[in-house]
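S.K.: Once you've had a glance at the structure underneath, I'll fire off some questions.
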Amino acid sequence: MFLKWWMVYVFIYKCSAANFIRQHLNNLYPPRQPHDGPVPVKVGMYIESVGSFQSSQMSFDADFYLYMSWKDRNLSHTFPQYQMITDLEVLRSIWIPDLYLSNSRISNFHDVLVPNFSIFIDENGHLAYSGRITATVACNFDLETYPMDRQLCKLKIVSYAYIASQVNITWFDEDPIRYSTHIHLPEFYIESISSSQCDGTYRYAITEENYREAPFSCLSTNILLKRSAAYHVVQSYLPSALIVMISWVSFWIDRRAVHARITLWFTTLLSLFTLHMGVKNGLPESSSVSALDWWFGVCMVMVFGTLVELAMVNTYMRKADKFERMAQSLAREKLSRKESWSTISTINSDHDDTTAISRLTISYYADNKDNMDEEVDSPRLQELQIGLEFAKQAFQVDNISRLIFPLVFSGFNGLYWGFFLYIRDRTEYVIQP
């Protein structure tokens, strides 16, 4: 019996509070303040989660609770405790600050299983509002040092219609922004989340011929992020470095195996280009050159350098082959002369009736045979020596390349990582409106 009467009392109590609100409020205008000053609105936030930081879309997702506090003397009451409002119909009767997320692309209030909001009103007319919001927020990523970059993303809260002289929004004095300690991002580390004021002067009441301009209150939630480079080390840097080192295998391939060397060069260049395009597909089109572009650019230059080295070695080897063929031609000429002398000697021994002129010719050739052999051997030795010199130069180019290419690439790695890591750690973000 007691429980029944208690439920009736609570029902009447709530109905009377709701009726009181409906009768005493006009939700079209902000509550009047002493001396007609602006309505002071205090704002706080609890960030439940952030994620989906997409460089290609220049956006991220945020799920947070928004808290607002202001005073409406028309809602002062004599009820013994806080009045809680969770009814949408009653909510529509209360004036609420028209705050919105100025840099959000999509914003939604949660309504599962019930609309996720509440209002508490004390006896002096102080209102405490809370609601849960999910938003996709724009963030202009600076990708010049990508993927060793730091990003500053902001969530801005502005009054849509009321200028600063009508509604003045400020952060809570203590801990205005809190966030869950369970937030973990796969690609970023959260360095800090801070609050700031971003008041500015904007145009409003714009018509074709005229407009008004006045300062508006603005609050900013600043999320400072540092990208984790581990993912890109595994997916981009190590594979590309291995491709560059594979291109150096051509320095140990036989210098006459030109087709094998060209095939290896073409395969490594194509693999490097494909890997770079796969990485670029996840980024927005931009005219600026990122740190990753510098890396792949130098890697391609290194691979192209192996082609230049191949051209030099092939040039020397073709010249060496040319002089070797000339030496072989002279060797065949000498062999032909020896065979001719052998034939003449046979004729001289087998035919006693040789004419005087033939005997004289044979005698002359026999007397000058050694001199003629020397005349053939001397150019042949010169051609062989020149050919060997070109082959030696090709061998030296390969030997030097085996040392120079790894040293240049190692030096580039030291400069690259040192410079971009230094830039990332020394970059300071000044929180500006």
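FYI, residue positions are counted from 1 along the chain as it appears here.
From the backbone N, Cα and C atoms, a Cβ is placed for every residue, glycine too.
Quick paste of what TrEMBL says about this protein:
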DOMAIN    23-228  domain 'Neurotransmitter-gated ion-channel ligand-binding'
DOMAIN    237-356  domain 'Neurotransmitter-gated ion-channel transmembrane'
SIGNAL    1-17  signal peptide
TRANSMEM  236-253  transmembrane segment
TRANSMEM  262-279  transmembrane segment
TRANSMEM  294-316  transmembrane segment
TRANSMEM  403-423  transmembrane segment
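Quick one: how deep are these features, and who are their neighbours?
M.R.: Here the transmembrane segment (262-279) has long-range neighbours at 232, 235-236, 239-240, 243-244, 246-247, 249-250, 253, 292, 296, 299-300, 303-304, 306-307, 310, meaning same-chain residues at least 6 beyond its ends whose C-beta is under 8 angstroms from one of its own.
Counting only same-chain residues 6+ beyond the ends of the transmembrane segment (294-316), those with a CB under 8 A from a CB of the stretch are 236-237, 240-241, 243-244, 247-248, 250-251, 255, 258, 261-262, 265, 268-269, 272-273, 275-276, 279, 390-391, 393-394, 397-398, 401, 405, 408-409, 412, 416.
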S.K.: Suppose you look only at the domain 'Neurotransmitter-gated ion-channel ligand-binding' (23-228); what would the mean pLDDT be?
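M.R.: Over the domain 'Neurotransmitter-gated ion-channel ligand-binding' (23-228), the predicted model scores a mean pLDDT of 88.
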